[in-house]
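To start, the structure itself, in structure tokens.
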Amino acid sequence: MATTAGLRDAAAPLEKIPLETYVPPAKPSLIGLSRAELAARLGDIGVPERQQKMRVQQLWHWLYFRGARSFDEMTSVSKDTRNGLAERFTVDRPEVVAEQISNDGTRKWLLRLPSGDDLQKAHEVECVYIPETDRGTLCVSSQVGCTLNCAFCHTGTQRLVRNLTAGEIVGQIMVARDRLNDWADRETPHGNRLITNIVMMGMGEPLYNFEAVRDALLIVSDNEGIGISRRRITLSTSGVVPNIKRAGEEIGVMLAISLHAVRDELRNELVPLNRKYPIAELLQACRDYPGASNARRITFEYVMLKGVNDSLDDARLLVKLLKGIPAKINLIPFNPWPGSAYECSDWEQIEKFSEYVFNAGYSSPVRTPRGRDILAACGQLKSETEKLSARERQALRAMAMTD
């Protein structure tokens with residue numbers, strides 16, 4: 001089965017071209033704008049320059065600390081300013097079209113993005129919340145579809161429609177906080193925030209949407225708003241080498257590499273981008289990543305595929321390749337999806353692989369499979385929902401709005 005996939009992917013292009021560009025609505029949302037951009041919008045509605053810094057701070061607080069969903073909620077902002085903003089702008093986030101809750105507490109949302117082009121279909125992305133005993137992780141998307149064609153990834157089977165804007169990326173986090181009632185001024189169980197970590201591991205390749213991802217993560221990590229530490233934000237890439245160093249310099253978050261193979265021949269099949277940026281170049285970029293240290297280790301993600309990349313020889317070569325890189329290895333049991341050409345490694349083999357890597361001095365946790373009962377493979381909820389009739393989709397949407 002893997003051989004068939006390899007033949008198919010060998011002929012596939014390394015990267016897809018976006019089918020569309022973003023068209024803003026007539027009344028765009030202020031979410032995702034920098035402080036300088038917010039000041040400019042305030043100037044557009046006649047707020048004097050001497051007041052703009054104060055008004056920006058007020059807006060920032062209401063948007064990202066309190067999670068305001070309308071200008072009317074912003075009671076510390078003058079009524080004239082609120083009215084002026086409401087005439088030209090919104091604070092809308094993506095709309096929840098479907099919500100699924102797993103038996104293990106994992107939540108998955110299908111989010112519809114507003115568009116300013118009546119001729120374009122409204123597009124949808126996925127966002128997943130994974131609660132654990134010591135943290136709550138939100139998995140965020142960066143593209144509608146994906147630039148890449150990774151053989152084992154469900155999103156890789158979808159078209160690349162377009163890049164998300166910074167506002168659409170930040171909006172996913174705000175929707176999750178809305179649904180979980182997790183804003184800073186609200187009570188949560190045990191007094192702790194539910195969303196403590198962000199991972200850019202949803203739909204899309206973040207480093208092929210660099211500027212929007214950078215701008216979004218700088219907003220998310222701002223301690224006067226959403227306030228999630230950069231050490232609790234992880235950006236995952238399949239290996240867009242030219243932008244890895246740039247990510248360290250301009251964003252400064254934790255780095256994860258979707259490695260999945262230790263030989264170029266196999267990685268060319270699993271992650272076709274490897275034909276452009278082979279393993280040696282990728283690992284050198286990791287060695288050069290600004291700020292990497294034992295306290296800020298780079299995570300190497302390794303999906304366990306039965307009979308493909310899970311031998312002890314693979315484990316030995318993995319350890320050899322990572323020598324000198326402050327690293328941990330995240331072993332991921334393959335999450336099957338309809339039509340996939342691979343199977344998950346046997347659990348005994350996963351444990352042997354993990355034990356070898358651990359004994360070589362690397363942390364090698366096996367990621368616990370989560371949300372398998374709710375189409376949790378990345379991109380699968382979107383694909384399955386697209387198959388529904390208009391009436392079925394409307395029913396799903398109504399359920400999501402009333403939950």
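Just so it is clear, glycine is given a Cβ too, placed from its N, Cα and C backbone atoms.
The number of other CB atoms found within 10 A of the CB of E126 (active site, proton acceptor), across every protein chain shown, is 25. According to DSSP, E126 (active site, proton acceptor) sits within a strand segment. Residues or ranges marked as active site, proton acceptor in Swiss-Prot: E126.
Taken from Swiss-Prot, the feature active site, S-methylcysteine intermediate applies to C378.
The annotation [4Fe-4S] cluster binding site is assigned in Swiss-Prot to C146, C150, C153.
If you take the C-beta of E205 (S-adenosyl-L-methionine binding site) and look for same-chain residues 6 or more apart in sequence within under 8 angstroms, you find S142, Q143, C146, T147, L148, T237, S238, V240. Marked as S-adenosyl-L-methionine binding site by Swiss-Prot on the basis of sequence analysis: G204, E205, S236, S258, L259, H260, N335.
Swiss-Prot lists C139-C378 with the feature disulfide bond, giving sequence analysis as the kind of evidence. Using a 10 Å Cβ-Cβ cutoff, C139 (disulfide bond) registers 25 neighbours.
Look at Swiss-Prot and you will find 132-375 tagged as domain 'Radical SAM core'.
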Cα-Cα distance, maximum over G204, E205, S236, S258, L259, H260, N335, record's S-adenosyl-L-methionine binders, Å: 19
Neighbour tally for C153 ([4Fe-4S] cluster binding site), based on other Cβ positions within 10 Å of its Cβ: 24
Those recorded positions of E126, C153, G204, N335 having Cα within 10 angstroms of C139 (disulfide bond): E126
Residue pair N335 (S-adenosyl-L-methionine binding site), C153 ([4Fe-4S] cluster binding site) - Cα distance, angstrom, rounded: 9
CB contacts for C150 ([4Fe-4S] cluster binding site) [other CB atoms within 10 A, all chains]: 22
Whole-number Å value for how far C150 ([4Fe-4S] cluster binding site) lies from L259 (S-adenosyl-L-methionine binding site) (Cα to Cα): 11
